[in-house]
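Let me begin by presenting the structure, written as structure tokens, before commenting on it.
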Amino acid sequence: MKSTYLVIAFLATFLTSDALPITSTGQNCAVCEIIVDIVRDTMTNPDFDNWIEPFVVFMCAALKIQDNFVCQGFVSANKDEFIWIMSQYLKNPIEICGIFVSDCDYSFQPNNATWTLPMPGIKPLHQEIPDPDEKEAIKMPAGKWGTVAGASGVVKCDLPYWTLINMLEHIVATHNDIDYILVSGDLESHATYDYTFESHEFIAKNISNTLRSYFPDKNIYFAIGNHEGIPVDNFAPHFTPERFHMDPLYTVMADSWEGWVPDDQRDSIIYNGCYVKQLFPGLRLISLNNGFGDYHNFFLYLNQTDPDGTMTWLIDQLAMAEYAGDKVQILAHMPGTDNMALEGWAINYYNAVNRFEDTIVGQFFGHTHYATYCMTYEDPEDYKSRPTSVIYSAPSVTTISNYNPGYRLWTIEGNYSGSNFQIIDFEEWMLNLTVANENPDQPPQWEAMFLSAKEEYEMPSLKPTYWNQLIDRMLTNDTLLQQFLRNYYRISDRDCDMDCKNSILCHLRQAHHSDNLCSDFMPPQKQAYAEKFPNFKSKNEAIEYVEDIKKKLLKNHKN
């Protein structure tokens, strides 16, 4: 049976990062409106609750968003959220078709919509400071220690728990000079269809307790990742019904982090998953929940402007730190690059970073699974303007997306009078699973990929200027690029053609959505889903097609 792109295909926006708005003809706009009308009218039918679940499962599998097992589990677990959000979308067919059919005359693209927050005070004249003082500073079985997921012939899977334990044991035995630990989010597995409050509650407690047992005398600070959302990627702001709010899970997190996060930050965590901590005199840590800018957070498509005042909260915290003369490290999960954050969130974060560039001394993110970074520029539309900061994404421990597990060790200016708390350097460690699984009964050997990023990339320091220059150097130096990709993928075998090269280097510049930042090496065009539309000859044919699917599904569900 041919499938059609029904309005409920917005499931794709949070089930797969490859989901994109359709580029279509005017006819498809009309078809979309018809389908929205049908589904909206049907929501008042007593049989709606019976047929909507199998209908969504069918479309999820037919569009190859996920396999039938994943679709069934995800839709069943999140039926309540789905029906409520769909009821809000369907109030106006023009609005929802404008979202998903990109060339309608009334097309609205929420991913590129912007909203602007004012920046407080007058930005001080930027002062260049000296370099930091380093003196102070299942087709085949998975392997026992894990398998690089996504490799040819291998079903994607996360890392076994015992490999995580082995990593913690290695860190305790190898690094005895750790001051504190940063965890950038995503504690759950990638079995997104199986997420429940109870499973998230268990994992939040278990991971916190496990880390506490291995590092009893260290402070550990968490950020919230997109997989902490229920459903995945979804963090309901407080304008939604109370039953969708994340407050109960945030409360579990606040309890799990007791002793690491100040008591006066508990209410902030429970409200929106954010907090601030004074690490040392002169240095603060801000943990930002940027799930409120998540591209796949479908609650935000109803109202994405500063959800729960979270971006305003960040700006206020930065302003207070600047007034006190303190420096700030930001711990968060998702960078603002394309298909990760909505542009409104991304550009406001970008503006805040530029406004407080002399206050922010570190931005520690995750999410991408690869080891990378992203630049910000004084002019957000011009990569030739002065670089203002670097957003770092550390390697993931999980193997999902075809990477060996890894971790990063940072060195910053020490806690002494006059310290600027600049990042001095970092080292990268990884576990080669191919080697580890050759002798599964032997303890695996973690190895240093490099012990100095400065030496690895031949940079005088880790200031933004030198990271930006590295992009230009990799454009013309393939040997250097391959060295970067080796660290990026953690030795996984990956071919990288010209499109791959352009895409990776473009992302190093795109801390928000702007093709201007990659105008000298445009990445390949994204593929749309236009082929998903049947070629209806009339509106009546479209109506008959949808009604026929609905009847068949309802009949099968009753049987």
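If you go along the chain as it appears here, the first residue is 1 and each next one adds 1.
A Cβ is built for glycine as well, from the same backbone N, Cα and C atoms used for every other residue.
Record features (TrEMBL):
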- 1-19: signal peptide (SIGNAL)
- 25-108: domain 'Saposin B-type' (DOMAIN)
- Cys29-Cys104: disulfide bond (DISULFID)
- Cys32-Cys97: disulfide bond (DISULFID)
- Cys60-Cys71: disulfide bond (DISULFID)
- Asp186, His369: Zn(2+) 1 binding site (BINDING)
- Asp186, Asn226, His333, His367: Zn(2+) 2 binding site (BINDING)
- Cys496-Cys500: disulfide bond (DISULFID)
- Note on the structure: Quick note, Asp186 (Zn(2+) 1 binding site) and His367 (Zn(2+) 2 binding site): C-alpha atoms separated, nearest Å, by 8
- Message: When you rank His369, Cys496, Cys500 by Cα distance to Asn226 (Zn(2+) 2 binding site), which of the recorded positions ends up on top as the closest?
- Response: His369
- Message: Cα-Cα, whole number of Å: His367 (Zn(2+) 2 binding site) versus Cys496 (disulfide bond)?
- Response: 21
- Query: Measuring Cα to Cα, how many angstrom lie between Cys500 (disulfide bond) and His333 (Zn(2+) 2 binding site)?
  - Reply: 24
- Note down the number of other Cβ atoms within 10 Å of the Cβ of His369 (Zn(2+) 1 binding site), including every protein chain shown. 23
- Query: Can you tell which of the binding-site residues (His333, His367) has the fewest other C-beta atoms within 10 angstroms of its C-beta?
  - Reply: His367
- Around the Cβ of Cys500 (disulfide bond), how many other Cβ atoms lie within 10 Å? Please give the count over every shown protein chain. 14
- All-chain count of other Cβ atoms within 10 Å of Asp186 (Zn(2+) 1 binding site): 23
- Message: Can you give me the Cα-Cα distance between His369 (Zn(2+) 1 binding site) and His333 (Zn(2+) 2 binding site) in Å, rounded to a whole number?
- Response: 11
- Query: Among Asn226, Cys496, all listed as recorded positions, which has the most CB atoms within 10 Å of its CB?
  - Reply: Asn226
- Within 8 Å of the centroid of the Cβ atoms of Asp186, Asn226, His333, His367, which other residues of that chain place their own Cβ, given that this set defines the recorded Zn(2+) 2 site? Ser184, Gly185, Gly225, His227, Glu228, Gly291, Met334, Gly366
- Between the Cα atoms of Cys496 (disulfide bond) and His333 (Zn(2+) 2 binding site), find the distance and write it as a whole number of Å. 26
